[in-house]
Amino acid sequence: MAILQKHVKNSSSEFVKSTTESTVFTEAGPLQKEEADDPYWSRSETQLWTVVLLLGTCLLYCARVAAPICAVSMASEFQWGKKESGIVLGSFFWGYCFTQVLGGYVSDRVGGEKVIVMAAVGWGSLLALTPMIAHFSSVPLVSVTLSRFLMGLLQGVHFPSLASLFSQKVRQHERAFISSTVGTGSQIGTLLIGGAGSVLMDWYSWEFVFYVAGLLAVSWAYCIWKHLLKGPIISLETVGVGLVKSKNARIPWKRLFSKPPVWAVIFAHLCTSSTFYTLLSWLPTFFKDSFPEAKGWVFNVVPWLVAIPSSVLGGYLSDHLISLGYETAVVRKLMQFFAMGASSVFTLLLCGTRTFPLAIAFVSATMGFQTFTHSGVAVNVQDLAPSCAGSLYGVMNTGGALSGVFFVYFSGYVIDTTGSWASVFALMSLVNVVGLVIFLVFAEAERVDIDVSKPKCESIQI
């Protein structure tokens with residue numbers, strides 16, 4: 001019995017010792033070492049940040065779409081034609097393309113959530129000040145164009161920061177659903193500003209659309225800083241960690257740009273963006289021109305009501321197929337087929353549409369299928385280069401912003417010159433189909449930011 005007791009005592013002490021070595025004690029209780037070192041969000045943290053970032057993306061698009069929603073009223077007040085309106089609407093993308101890479105690069109080093117909050121304070125404040133900038137300027141076209149350019153600069157960091165954040169904090173098999181859910185903020189925001197903006201313009205004036213959207217964005221950023229970040233957004237410690245990362249983790253640009261899958265994802269995103277931004281900017285004007293008697297709240301709301309569940313469905317379907325064992329690359333290509341191929345069919349159908357209900361149905365289908373890109377190209381960049389996803393997404397989104405600049409302005413020119421919307425819709429469909437073919441042929445989901453064929457040296461303890 002004494003021998004047995006001694007054996008039990010020794011076993012217990014060894015168990016306590018091994019448990020102590022593999023356990024980290026925190027204020028909330030003991031955590032296993034692997035759990036404590038886990039860089040990914042816990043389930044509760046994932047749920048919280050998903051809601052927070054969804055709301056932030058929603059407000060981002062409320063701010064972005066405020067000008068297109070008010071474009072007709074502003075053009076009437078300041079006596080702008082289609083070309084002048086195109087300059088104002090397109091100026092956003094000139095600014096938007098300049099900060100993509102910088103935003104992703106900084107987010108990879110100091111944290112995407114910090115960059116998102118700081119930028120939101122800036123673009124929210126600028127949006128709220130836009131009406132005053134327009135009215136107190138002797139040349140409203142120049143002042144509003146400049147304010148839209150600056151807002152594009154500040155909003156340009158948002159999506160690269162999200163890509164960086166998700167690649168660092170969300171596991172691969174959960175990224176499509178999280179990305180698509182947060183991505184629905186673009187549709188929800190457009191829906192809200194479309195409905196509420198139309199009401200505000202009817203009850204008050206177009207200026208109130210800018211006031212409300214801007215102040216809500218600043219309030220959101222303040223709440224995140226106060227309750228989630230809790231402290232200075234950028235501290236000396238954060239800057240020091242960022243500098244160390246910058247020194248020790250250089251981005252392998254040469255290696256990335258030598259890989260066909262990287263070029264495929266960039267080109268596909270550029271083509272998708274050209275369609276989305278052009279529709280986003282010109283759809284209110286299209287419906288006003290083609291169906292003057294139509295109610296603004298209908299065409300500003302219905303397409304986005306369809307797009308919201310479509311985006312979530314795409315994310316769920318993508319993660320579910322991967323969990324069933326389908327190859328990640330195949331799933332990404334399938335999602336992009338819906339986003340670019342199926343949507344282009346309905347965009348082409350808009351060319352010959354003569355009735356308002358059919359136009360609403362085709363636009364809704366186009367917008368709904370386009371949201372599948374959140375589970376295709378948008379997540380594929382995180383598959384390819386998780387170590388520098390923010391920076392690579394910045395390069396990718398820069399191309400998308402440049403296509404937005406060109407197509408938004410060029411569409412205004414074509415409409416003014418020909419008086420026809422059919423040529424614009426046909427051109428956008430052609431560009432999408434070309435981008436889809438390139439993506440289907442060359443896209444992959446294996447990491448290209450490192451050489452996975454080289455064996456890693458691991459220390460062995462004896």
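The backbone N, Cα and C atoms fix where each Cβ goes, glycine too.
TrEMBL annotations:
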TRANSMEM  48-67  transmembrane segment
DOMAIN    49-447  domain 'Major facilitator superfamily (MFS) profile'
TRANSMEM  87-106  transmembrane segment
TRANSMEM  115-134  transmembrane segment
TRANSMEM  146-165  transmembrane segment
TRANSMEM  208-225  transmembrane segment
TRANSMEM  262-285  transmembrane segment
TRANSMEM  297-318  transmembrane segment
TRANSMEM  330-350  transmembrane segment
TRANSMEM  356-379  transmembrane segment
TRANSMEM  391-415  transmembrane segment
TRANSMEM  421-443  transmembrane segment
Examine the transmembrane segment (262-285) against the transmembrane segment (146-165) and state whether at least 3 Cβ pairs sit under 8 A, considering only residue pairs 6 or more apart. no
Annotated stretches the transmembrane segment (87-106) and the transmembrane segment (391-415) touching (3 or more Cβ pairs under 8 Å): yes
Per-residue pLDDT averaged over the domain 'Major facilitator superfamily (MFS) profile' (49-447) comes to what? 86
Against which stretches of its own chain does the transmembrane segment (356-379) lie, if we need a Cβ under 8 Å and a gap of at least six residues from its ends? 163, 175-176, 179-180, 183-184, 187, 265, 268-269, 272, 275-276, 279, 283, 287, 290-291, 294, 298-299, 302-307, 310-311, 314-315, 317-318, 331-336, 338-340, 342-343, 346-347, 349-350, 396, 439
Taking contact to mean 3 or more CB pairs closer than 8 A (sequence separation of 6 or more), are the transmembrane segment (115-134) and the transmembrane segment (391-415) in contact? no
Dominant neighbour of the transmembrane segment (208-225) in 48-67, 146-165, 297-318, 391-415, by Cβ pairs under 8 Å: 48-67
